[in-house]
Amino acid sequence: MAELEGLEFGKSDFVLLDEVTMEQFMENLKLRFEKGRIYTYIGEVVVSVNPYRQMEIYGKDAIEAYRGRELYENPPHLYAVSDAAYKAMKRRAKDTCIVISGESGAGKTEASKYIMQYIAAITNPSQRAEVESVKNVLLKSNCVLEAFGNAKTTRNDNSSRFGKYMDINFNFNGDPTGGHINNYLLEKSRVVQQQPGERNFHSFYQLLRGGSDEMLKAFNLHSDPAAYAFTREGAAAATSNNDRTSLKAVMSALEVIGFSVEEIRSVYQILASILHLGNLQFESDNESVQIRGADALAHVAELTATDPDGVSSSLLFRTVATGGGEVIQKGHTQHEACFGRDAFAKALYERLFGWIVGRINCVIEVKDYDPVLHGKNTVIGVLDIYGFEIFDNNSFEQFCINYCNEKLQQLFIELILQQEQSEYQREGIAWQHINYFNNQIIVDLVEQPHKGIISILDEACLTVGNVTDTLCLDSMDTKLAQHPHYTSRKLSPSDKSMDFQKHFRIRHYAGDVTYSVEGLLDKNKDPLFQDFKRLMYNSANPVLKEMWPDGQLSITEVTKRPLTAATLFKNSIVALVDKLACKEPYYVRCIKPNEMKSPVLFEDARCRHQVSYLGLLENVMVRRAGFAYRQHYTRFLQRYKMTCEYTWPNHLMGSDRDAVEVVISQHGFQGDVAYGHTKLFVRTPRTLFTLEQERAALIPILVLFLQKVWRGALARMRCRRMRAIYAIMRSYKRYKVKAHFWEVERRFASVRTMADYGKSVEWPRPPAALAQFHNNTVMLHRRWWARQIVKNIPPSDMLEVRAKVAALTALGGERKDWGISRAWERDYLANTRDSPQTSSCFRRVSKELRNRDEYSQVLFSGFCRKVNRFNKSTDRGLLITDKYVYKLEPKKQYKVLKRLPLDNFTGLSVTSGVDQMVALHTSSQDDVLLCLQRGELAPNQDRVGELVGSLVDHFTRVRKAPFPVKVCRAALQLQMRGKAKSVTVETKPGQNLADFRKSRDGFVLLVPGN
């Protein structure tokens, strides 16, 4: 925990100092810096000292250590204040902001990057793709904006030369859904001029030193920055940045953000055109001005996709509309041409930077947001803006930057010092007033209407005639002579640090700054000839054209006079302060320990000055005497009432304040709180943390209780619903059953009188409950229908019907044609029509056998082709009776060659084809293989089914024994004298009659081809 950090590191919170004096404050700050502790608290404010070295305190382990923790649970860190802002936003659905302030080189930009890194790391634990995309764009945007908005100065290798305020939008889950970036006052004068030892913006050096040979060749560039006027000053300046590596990172970031390849190329084309523009020189012959350097002019025209003559005309002439509507061209002097060239270069870069920011905003803006569907959209703002600057030569940019810092200091004073003390007085809390410097007087000096410096500058810019910077300085001296924070050499003649008619001085909260008025009015007017705007608007490059929408105005079109640069900046800063004021602020106060960028040097005087003008000592005093947390009684009770048995779920006290007193008393915190008129004030964060811990422990119990109650309610609702459902289902089932019975009765009412006894009637589809009953009913009707059909069959035909039914059952639909559609004669050898020449002889022999063997019925008789165990096939007669099976010789008057008892036969096998082969299986494993032959009655009759039906019917009905029938799809298997044989069927063209032929495994039945 922070307050338990070892004493050898000093006090981790300045509030814990024994005495609040500047000496003790500085001693503690220096000790912590020397011990590598760069962060220290003042309550919830983080004081950060730039270490000028890499610190191993920003990895994943550090992020996990600070995730969800209270401020004082861990040593002071940027992550702690980031988590506090995130928790406040998520718990209380309140917009928050983190204001990072300090002078140039104090580490503000790095602090903002670490804050963004932390917020990105702790959000979106479910790794939703759309949220990850937003996080990547937000993080990558830092890299791009640093490249185009940062530069090396004498005080900082990576100094922000613009102000940046980023709003990050969060959904109700606390995941980032988008954002918006506002940029303030890009220092565009740096494009054309830098102070000694400084560089232009990083983007130029990254292009020249990191661009590939192909890219530089395409842009007609050389890799040496000294070859270009705008980068020559910084070409030899030493810097810790690696331009080649940085360019790769920027190009990658642009792709991740969503810039197309054409857009990225256009960005670097514009940079290249600015470099070539700087190399354009002008020469005069006292009558006209010419451009020296035709190559550079051609390169500018090519890179901006414009006409070279148009570029030349815009640089050398200015189109002017007269009062009568006439348009004329006025030639520039050499000085005016140089001024126009520089103004054009600055405007190109400014428009480019603004377009990049706008393009990023288009990607990260919250899209399709509906508060009803998506819940409250909360915001965390991160402000990283230029710090207070004092250079050897301070101009318009430093004036605006320092004014911005005055406004932010005023906001800090109002929110932290003034507002806090006012709230104690308003709530009736005992309080000893603490004096502090209120810089409102300096803010008024700059921005007060009609009297402030910005108003005087605007008035000078709007005055008709030749108003110079010197006349403007005289006007300021006259109007501000009595102001305690303004002076000049005219007002203080003895002060030789200022020059007459050149300098004025403002006594800022951070110290005295002397400003030069040279070029002040021009920078405030920010003039750019309309010719350049029209030139760029007519560019063939769509990206460049998009940056210059005002170029479409006609030269004769009268427009409203634009606001000056200072007024525009003032308006944007006022809007920024208003935006910050409506959020709950968290502060990071950055301190620069030395000017040498040394990781070990702590300059006491410099740090003391920063501590003084940042008001940190007064902040400590207010914090020590004040209260860390305050909340309205109603909201406090709503959050913590479950921690007290007398207030949960609702209290019966006279007021919410009484209920809050009961909660505080039960926990024993009476000495650490104060009761205001409408709010409770808690002095130390530990009290609040204890309440939060107890609340966090109770929440799961309450959730389980609510879940139990709700689940019980849901179960009872489901039970009632299920009972109702079952009642409906029962009634519906009864209705469906009855409806089915009614429909069956209607359809089958007259089946007795129908010709087919209802066989053609379609059965209604039964309900699921009657599926089995329906099957049984259908089966009963079929049996009844069969009974009706059978009743109408003559007794003489019953034997044939039984045989056909037996064959149908035995063959099981596996044989295609088995003679069901024809009349079965059974005894074909005795049939005169089938065997006209031998029937009489067979009838005589049959009569003799009947008398001798006493059989009563002929089951089947007919001609066949039989093969024996000697592989010999011959024509034979087959007679099957109810007692014996006879093999007859037709050529010898049906002489009996063999007689086998019918009991010896155990089954038969047939094929699934149209052949007439039959294998009769015997119990002695000496099967009979034959092929039935058709007589003259019908040459194409299939008699296999008749043989099968007759035998199966006789065995099952008369002998009451099964007679298995096997239908073979492939080879037919049988035994001859105990040896297994396999019989296949082949079609042979030219074969007249079916016949057997020996094969390796048995026999092949050759049947005639078609």
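Backbone N, Cα and C atoms are what each Cβ position is placed from, and that goes for glycine too.
Unlike curated entries, TrEMBL annotations are predicted automatically.
If you look up TrEMBL, you'll see 9-696 marked as domain 'Myosin motor'.
The ATP binding site annotation in TrEMBL covers Gly102, Glu103, Ser104, Gly105, Ala106, Gly107, Lys108, Thr109. Long-range Cβ proximity for Gly105 (ATP binding site), meaning a same-chain Cβ under 8 A and a gap of 6 or more residues, is found for Asn50, Thr153, Arg155, Asn156, Ser159, Gly387, Lys592, Lys597.
On the 0 to 100 pLDDT scale, the region 'Actin-binding' (573-595) averages 88 in this prediction. Taken from TrEMBL, the feature region 'Actin-binding' covers 573-595.
TrEMBL lists 813-1009 with the feature domain 'TH1'.
The ATP site is defined by Gly102, Glu103, Ser104, Gly105, Ala106, Gly107, Lys108, Thr109, and by the 8 Å test on Cβ atoms against their centroid, the other residues of the chain that qualify are Asn50, Asn156, Ser159, Gly387, Cys590, Lys592. Listed in sequence order, Ile100, Ser101, Gly102, Ser160, Asp384, Ile385, Gly387, Val588, Cys590 are the same-chain residues six or more apart from Lys108 (ATP binding site) with CB atoms under 8 A from its CB.
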